[in-house]
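Pulled from TrEMBL, these are the features on record:
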ACT_SITE  Tyr132  active site
ACT_SITE  Asp162  active site, proton donor/acceptor
ACT_SITE  His247  active site, proton acceptor
BINDING   Asn31, Glu60, Asp162, Asn164, Asp246, His247  Mg(2+) binding site
DOMAIN    28-247  domain 'Endonuclease/exonuclease/phosphatase'
SITE      Asn164  site 'Transition state stabilizer'
SITE      Asp222  site 'Important for catalytic activity'
SITE      His247  site 'Interaction with DNA substrate'
Amino acid sequence: MGRETKETEENQKTRHKMVVVGPHVSIITLNVNGLNSPIKRHRVAGWIKEQDPTICCLQETHLSPKDKHRLRVKGWRTILQANNEQKKAGVAILISDKVDFKAKQIKKDKEGQYIMIKGTLHQEDITLINIYAPNTGAPKFVKQLLIELKEDINKNTIIVGDLNTPLTPMDRTSRQKINKEIIELNEKLDQMDLIDIYRTLHPKTAGYTFFSSAHGTFSRIDHILGTKANINKYKRVEIISSIFSDHNAIKLEINYKKKAEKGAKMWRLNNTLLNK
């Protein structure tokens with residue numbers, strides 16, 4: 001009997017947690033630059049706990065399909081990955097235990113360049129695409145991927161990752177003009193009603209996520225893209241420094257409708273019983 005009471009109390013606590021967290025969702029994206037060192041994995045896990053995102057997207061994990069167990073973080077049991085046999089590239093999505101997430105469809109690349117998940121988050125539809133674009137031909141790669149996933153991309157889509165591409169001249173300290181491939185990628189984003197959320201919310205701020213020691217330049221090649229239709233839901237986006245990678249992270253905060261509060265139902269007496 002005591003055990004049943006304890007389980008009931010824990011269930012109530014979990015349900016209450018979901019109700020509180022419900023309307024507010026945060027997504028963080030970071031190129032971790034390899035996770036084969038146990039010390040680094042420990043530091044990354046600690047960083048995720050400190051940032052406490054609803055969803056954490058990582059790129060360049062350098063893990064193989066056999067290494068899935070290595071990316072465990074307490075409090076983020078749902079882990080979806082796309083890995084390469086040669087331990088190149090690699091992307092992962094971690095989802096917090098605090099949220100009510102249900103996956104409906106998963107698409108992943110055998111080369112570990114992207115993973116897409118479709119599902120519901122607090123009863124709201126969400127499509128999340130995590131991309132690690134290759135160093136060469138990145139804008140072309142991203143454009144082609146958007147064309148391939150066109151049928152999956154809708155107003156509830158959020159695309160994150162290391163696109164290895166500055167989308168505007170403001171996104172790099174050299175301020176050089178963007179090339180033809182980047183122009184074509186921007187045209188494709190525009191056609192699909194996708195926006196660079198950081199640039200939309202910070203039109204005049206030159207924030208950077210990567211330092212190239214070879215060129216001595218800073219750039220913002222990591223991005224979070226969303227749809228124009230949901231622009232009012234994007235509450236805040238910021239660049240967060242990380243000391244264990246050559247990239248900085250980007251964190252997006254989203255306000256969802258308060259559908260999640262349906263979890264706490266009020267019991268009401270059926271008045272017809274009184275009449276009877």
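Note: Cβ is positioned from N, Cα and C throughout, glycine not excepted.
Sequence features, as recorded in TrEMBL, placed on the structure.
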residue : record                                  : Cβ neighbours (10 Å)
Asn31   : Mg(2+) binding site                     : 25
Glu60   : Mg(2+) binding site                     : 22
Tyr132  : active site                             : 27
Asp162  : active site, proton donor/acceptor      : 28
Asn164  : Mg(2+) binding site                     : 22
Asp222  : site 'Important for catalytic activity' : 24
Asp246  : Mg(2+) binding site                     : 14
His247  : active site, proton acceptor            : 21
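Asn31 (Mg(2+) binding site) sits 6 Å from His247 (active site, proton acceptor), taking the Cα positions as reference. Spatial neighbours are here defined as Cα atoms within 10 angstroms of one another, and by that definition the neighbours of the residue listed as 'active site, proton acceptor' among the recorded positions Tyr132, Asp162, Asn164, Asp222 are Asp162, Asp222.
Here the Cα atom of Glu60 (Mg(2+) binding site) is found 7 Å from that of the residue listed as 'active site'. Candidates Tyr132, Asp222, Asp246 (recorded positions) were compared with the residue listed as 'active site, proton donor/acceptor'; those inside 10 Å Cα-Cα are Tyr132, Asp222.
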